[in-house]
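Chemist: Okay, these came from TrEMBL:
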DOMAIN    C:1-319  domain 'Acetyl xylan esterase'
BINDING   C:Tyr92  substrate binding site
REGION    C:124-143  region 'Disordered'
ACT_SITE  C:Ser187  active site, nucleophile
ACT_SITE  C:Asp273  active site, charge relay system
ACT_SITE  C:His302  active site, charge relay system
6 protein chains.
Amino acid sequence: MPLTDLPAEALRGYRAEHTPPADFDSFWSATLAEAEELGRAPVFTPVETPLRTIDAFDAVFSGYAGDPVRAWLLLPRERGGPLPCVVEYPGYGGGRGVPLDSLVYASAGYAHLVMDVRGQGGGWRTGHTPDPSASGETHHPGFMTQGVLDPERYYYRRLMTDAVRAVSAAAAHPGVDADRIAVMGASQGGGLALAVGGLRGDLAAVITDVPFLTHFRRGAELAAEGPYLEISRYCRVHRDQVDRVFSTLRYFDTLSFAPRAAAPAEFSAAAMDAVCPPSTVYAAYHAYAGPKDIRLWEFNGHEGGETHQHLRRLAFLQRVLGG
Amino acid sequence: MPLTDLPAEALRGYRAEHTPPADFDSFWSATLAEAEELGRAPVFTPVETPLRTIDAFDAVFSGYAGDPVRAWLLLPRERGGPLPCVVEYPGYGGGRGVPLDSLVYASAGYAHLVMDVRGQGGGWRTGHTPDPSASGETHHPGFMTQGVLDPERYYYRRLMTDAVRAVSAAAAHPGVDADRIAVMGASQGGGLALAVGGLRGDLAAVITDVPFLTHFRRGAELAAEGPYLEISRYCRVHRDQVDRVFSTLRYFDTLSFAPRAAAPAEFSAAAMDAVCPPSTVYAAYHAYAGPKDIRLWEFNGHEGGETHQHLRRLAFLQRVLGG
Amino acid sequence: MPLTDLPAEALRGYRAEHTPPADFDSFWSATLAEAEELGRAPVFTPVETPLRTIDAFDAVFSGYAGDPVRAWLLLPRERGGPLPCVVEYPGYGGGRGVPLDSLVYASAGYAHLVMDVRGQGGGWRTGHTPDPSASGETHHPGFMTQGVLDPERYYYRRLMTDAVRAVSAAAAHPGVDADRIAVMGASQGGGLALAVGGLRGDLAAVITDVPFLTHFRRGAELAAEGPYLEISRYCRVHRDQVDRVFSTLRYFDTLSFAPRAAAPAEFSAAAMDAVCPPSTVYAAYHAYAGPKDIRLWEFNGHEGGETHQHLRRLAFLQRVLGG
Amino acid sequence: MPLTDLPAEALRGYRAEHTPPADFDSFWSATLAEAEELGRAPVFTPVETPLRTIDAFDAVFSGYAGDPVRAWLLLPRERGGPLPCVVEYPGYGGGRGVPLDSLVYASAGYAHLVMDVRGQGGGWRTGHTPDPSASGETHHPGFMTQGVLDPERYYYRRLMTDAVRAVSAAAAHPGVDADRIAVMGASQGGGLALAVGGLRGDLAAVITDVPFLTHFRRGAELAAEGPYLEISRYCRVHRDQVDRVFSTLRYFDTLSFAPRAAAPAEFSAAAMDAVCPPSTVYAAYHAYAGPKDIRLWEFNGHEGGETHQHLRRLAFLQRVLGG
Amino acid sequence: MPLTDLPAEALRGYRAEHTPPADFDSFWSATLAEAEELGRAPVFTPVETPLRTIDAFDAVFSGYAGDPVRAWLLLPRERGGPLPCVVEYPGYGGGRGVPLDSLVYASAGYAHLVMDVRGQGGGWRTGHTPDPSASGETHHPGFMTQGVLDPERYYYRRLMTDAVRAVSAAAAHPGVDADRIAVMGASQGGGLALAVGGLRGDLAAVITDVPFLTHFRRGAELAAEGPYLEISRYCRVHRDQVDRVFSTLRYFDTLSFAPRAAAPAEFSAAAMDAVCPPSTVYAAYHAYAGPKDIRLWEFNGHEGGETHQHLRRLAFLQRVLGG
Amino acid sequence: MPLTDLPAEALRGYRAEHTPPADFDSFWSATLAEAEELGRAPVFTPVETPLRTIDAFDAVFSGYAGDPVRAWLLLPRERGGPLPCVVEYPGYGGGRGVPLDSLVYASAGYAHLVMDVRGQGGGWRTGHTPDPSASGETHHPGFMTQGVLDPERYYYRRLMTDAVRAVSAAAAHPGVDADRIAVMGASQGGGLALAVGGLRGDLAAVITDVPFLTHFRRGAELAAEGPYLEISRYCRVHRDQVDRVFSTLRYFDTLSFAPRAAAPAEFSAAAMDAVCPPSTVYAAYHAYAGPKDIRLWEFNGHEGGETHQHLRRLAFLQRVLGG
């Protein structure tokens, strides 16, 4: 696959011009306050699995509008006191799957919460959390344009709120050390991690690989495959709503969240990524306000670093969370 | 494009084995009764357009659960008494568009109601009807698997109810002769026309071109493109739910509706159709209980007969509705 | 689809360097004079259709070398005096089709002449006009390279002459107001409209959407699909004729016609158009000598504005032709 | 590439039902008689090339309607008396190219005439013979549907006549032994060789590899790429002319010519041929009336035997022509 | 993706006609005897990883011709006596990767040996075992045709020998219970598991998912993607060696090994598998001589059951090995 | 196909920054010295072919490490004294084929040696030379990454040495004038010609068309198809070895050889070449130290000039070698 975004040198210096909406902060503080108000304490139920080294719990916590959201909490069976915890968000189209899908972090000694994604889970990994607040607006097949003409009704308002609440849910479990929680994800998961990074002040770390939900306009103009295309296809039909679409998306763009973040962050981008163009990732990287580092995978597409990335993440977690 | 379904001779004789669910009739009579109970009288508001030969009305009627559904009602400006009417359902992904998109039938002297499709309209032609009853279950991007694990919550339960109610809405307009109403559509629209044909006893005609929503299992196994793939992709992920998926779909398969229909029907299929395989159309044709005819377009794909099909439809309408 | 031409800002300013051949004017005045000399009066024969609001006439007029060219003339059935008229040219591969294919402009109160395209009509919409002057030179399958080594024998010399003559044919019908004729088309049709705009001084308006036949060299180097590829494929085989090919094409490039035009013009381009790259359209726009406006569809491909474009066209026609 | 036609065993036994038109013989005898009447003696002009072992002549002979057709005649420089001769017809889209393109047969000691193909030569190898009798009917881009609604005006009536006349032209050269002429070609060239095989009684041999122009209906339904698609695409648009199209093609189908042939023939087919499906070749093979042999290349596509095929051809020529 | 192999019912009954070479048993007993003779004791070196629940060892054992082959041996950190063991073979193009890639089976309480694949490891997961016995014959890029004209020199002679020896290596580790060893793999790994199943009498179980190396001729004729294509492409060029190629492959076809196997086996196939067509898997299933079961994933491609398959494997291992 | 590399003007000026490894010269002089030391005299055996104008010899000479390498030597049958000779190297995946494949240069009066390519010959033209020194390292399917982590063990160290030795082999034949030897090739063959041009001081000419093995890094980042992709795919998996890969490749990059060359050279590049991007060719052209010329085929892909290129080559050979 040839390079389709900027060459490496230009990539590394790429910065976007971006202004969040004027009421960005009030929009989000109202949204989160409402969710908190409607929330109940999370419930953790042990589940039986074929695993001998890891304990798994089916978690249910209150997300947007108090809607119930599921997650797995995985803990190494042999453990002492409360553990540092990694809260992970799946990529687009996937759900939390089954515990067997997520062995790395608990095997490495961390508490690991894998959040389900409302409505998603029919694309590559199963999920079990509906989106009861779905408002059913006209949209392009997929989730990217559900409610996109109105920030209040946009799908990611709900999902990002869930992601913020997932951290509180993890913190509520006695096996978790609430002072050492990292958020993590790749693609959509990486976008959510950045959003949560900008919305919560209590995180110990942010890990974001080939993040999606970033520099939406450039993504929609540059991506050759993947969910940014839902936006460009919607705009193809709704030719007269293009400005309104991108006006909504500014409330959910990681470029709006990144300057509000403070936790140490580890980024990665992939130079041949046709789903989340690497320049959009560098734009977020440069906008990020906390301590940060980035790795460019020069010959990779959206798969990014794969196992190498897990190893890099573990080394970073070891540094920032201990272990 | 090579033939990918059966050769013409085998096509023409193709019949499917199919049994509707035992409670099929009670399921639908309960569903429709509830919608009727919650319904209000349709409202028709004249709209201004650049057209000089056609009057256009923005219609709002009550669909599933009384949810408001929009439509266009188009009438030739020069008209005498109540006109025979064609109720049309759009193909997958599209909405009612604008009046300019639908000039043929009013120009030919018919009343023409073009229904909007709840939630759809982001794929190729705009729509303006949300799906407020969307239940938000985990699904593959698109509409085909929204609620597919439960007939009560499946998307097409709502849409088919809307389609049935659209006929009542048309009949309520003074410019329409309620005894001469035909339902019509291609692809998803053709599937809806067959469903309505099986659910209403008062139709004057059914026109169904390259219908979708037909012989779902074969469609999901044979289609190389189009929305049947949403089902096969969902089943690819939800490997353990395959039987349940197809059990739900039996409530919505035109093969279940066709034996209950009585109005004269005009079918068409396309021998090289990779979206709605022609054998599935012949299966519906053979199952259809009313008077019927079918045309096979031997070298066409899912576009079917296009303008030739309009001409064929108009000749058929002339025969069965007068004009 | 990602952007494959320049980004929006650079697009909007894009101008081409282009010089018409020295004998461009004499080439065309001789060509048109000959056609006029060989021409006979157009014949309009009413045809029966299922339409009740529109009258259709099968027109035959004399085109290049007096060759007979067919067209439809469509008039609203209810009409008063002579109407302003829109002469439309089809896109590549299509013919005039049937009257049912072209209802918009007559329904909006205009006379509407849809020209057939000699030899074409086997690609997407039927046609019934042969090209008896075809000289049969070696060419790449298609029309783009028929006679391309010699301006006198090039296919578009004949077709552009037909297009010029179509306006005279329309003007000759008593239902048409000869002082209020617009030419219109998309893609090949848009290219022809620009050519006619440069060759006739008596037009009331020019409408050209995503025009083809524009900045041939850049088109042949940039287009990823569509008929510009016939030129690049011909040049791939006839490697030693590249300069000669582009030398011929300068006689037929809208960049040569545009500076000679005077009528008010409405352009559109599509930012993701892989058939007629938007920069080529902007080049023609900037070269156009009459009053002009342009709309860029930011997320569309070669389909451009579709129904939105019809509405835009109608508003423009209303302004410049009245109605 | 997977097999897309029948498995090998079924292939080998495949026979088509096929009836030539009732007036097939009179159609062709009239056509050829007219061409003969209008013909003039061929002219051979020596040309300079960088070759030291082969002499090349630019030949011009009279084809259909006496139209001039070019060819190369290549002879080994060192030669004794008149040589056995191979008359070769190019594949679709190509012309005679340059002498350097055709060294095999003269290097092996044969006279070799490579015919140009009227109108073609813009697709892969250059040609220099126009088609002055082209009648310019509406067609799908390409040659396959030029005049396809009328056997008298169909393109292949002209080309097959040229192919018949090419043999007479070769026979007229003093370096050629007129009693030992073979016709040869692959794809379109193989189809022409079979046609000439059925139209001339004086041939010493026929070589036909992966022949095109064979069992048109099956070809148009089965081929995934190549020129049969022009026919299916034309039929896709001209939906109401399908029977007429295939009625014309029966005059030009090798299945009509093969039962009239007598010369020894060497066939080849390729099991994975997506351009000329192997079952169509076996149909022609079984219909062929002369002595015959066939080789199936089991893992090849339309490239067939390539150099192996040249070696097989040379061995066959050695047997039937001597050398 | 549509079905491209037989429909489900025909699949389930599909049996192949297949005869192993006459000297099949002597070929393999000589091959294995030589390897055993040249072998040395395996060496297991503990490696440091970020894992806290699993111990990892870098294993080196003697494979074909005594060549050193690497593997990972993974053991749950908390363990009592010798554990039942799963020996796993990677799919085509991959190597053993890193311990983090293979957490499932050790987390479930098994010893887990992941063999490296000589020469491979550049396609999707890294490997570190060269193929020093590579003989360098002319081949199609890839491993499938290395030495394919001679069973003695064919690549899979070496790799299958390594796979047999890997079981002995695992058995030699004190943490492994040598009486409870299963072999396991998907695709190429599944083919190797079947081969080892036929070559060793001491296995406790065989797990083979969507196995490759099975019914080579049908695979090469039917597969639309994946490594069977290397064989068909080689045969496309080496047209005259087709019989010799398939004669060699009979020594390495799981259809030759399956009738010699005795251990209980668990198969899976995927109905839409374009890499390893499901009929080839059923052919191996029916040929398998031991107790057996098979699961057909009806809507899956070559990914097969993924996590569901892991769960099925674990349930099977629990039954046959205890745990 | 659109342009995917630089526009023509920028292409023509494109220069790369490139530094050969410090020990480049000693690396190669040691390599070649060893090969020479282990070499034996070439053997030429006449072979029978169907050709009457050309004599063919099966040549075996000593290449890298003295490994036997085959070639064809073709001579015009009618010849006087020793002839100027063209040594040709095949493109990637091909071998020497059969004499019938290579008639042009002997027919034009030259001695012509066509070298086989060790290990290759399964991709498009057969070969018969194994690579007995293959070291079997882990690699991506294909030859481009065999041993790529170590210059000593990299595949092209062996092949380039063979290419150097082929010239000595040709020079040893009494029918060849050792003072008039040119090296020639396209793609991989063109890369080898440049390498030999830099390694031998005794060449009369170098012909290199669309050369591969040139500016590896840019090739791997820009090529959309072809063997550069093997490198980028290997780097995709071996993400941590990227620098080491490109460090090895500097020993084999034509950019390292070109400044050491002195013979007159004829280059060609193709502006739409997606296999060997034209900018990489211009980089080599500008780096080339001898007299030189280049032709850009503006509308061609990797096929480049084809027959036109043969004619250009013959004219150049005539100029520099006489004939």
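Cβ atoms are placed via backbone N, Cα and C, with glycine included.
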Chemist: Where the distance is taken from Cα to Cα, which of the recorded positions C:Tyr92, C:Ser187, C:His302 turns out closest to C:Asp273 (active site, charge relay system)?
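Modeler: Ranked by Cα distance from C:Asp273 (active site, charge relay system), first place goes to C:His302.
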Chemist: Please identify, from the recorded positions C:Tyr92, C:Ser187, C:Asp273, C:His302, the residue with the sparsest Cβ neighbourhood, meaning fewest other Cβ atoms within 10 angstroms.
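Modeler: Checked C:Tyr92, C:Ser187, C:Asp273, C:His302; of these recorded positions, fewest Cβ neighbours within 10 Å: C:His302.
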Chemist: In angstrom units, rounded to an integer, how far apart are the Cα atoms of C:Ser187 (active site, nucleophile) and C:His302 (active site, charge relay system)?
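Modeler: It is 8 Å, counting Cα to Cα.
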Chemist: As a quick check of your reading of DSSP, tell me how many residues in the region 'Disordered' (C:124-143) are helical, how many are strand and how many are coil.
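Modeler: Breakdown, helix to coil: 0 helix, 0 strand, 20 coil.
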Chemist: Sort C:Tyr92 (substrate binding site) into helix, strand or coil using the DSSP assignment.
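Modeler: SS state of C:Tyr92 (substrate binding site) = coil.
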Chemist: Within the domain 'Acetyl xylan esterase' (C:1-319), what mean pLDDT does the predicted structure show?
Modeler: 97
Chemist: Round to a whole number and give the Cα-to-Cα distance in Å for the pair C:His302 (active site, charge relay system) and the residue listed as 'substrate binding site'.
Modeler: 12
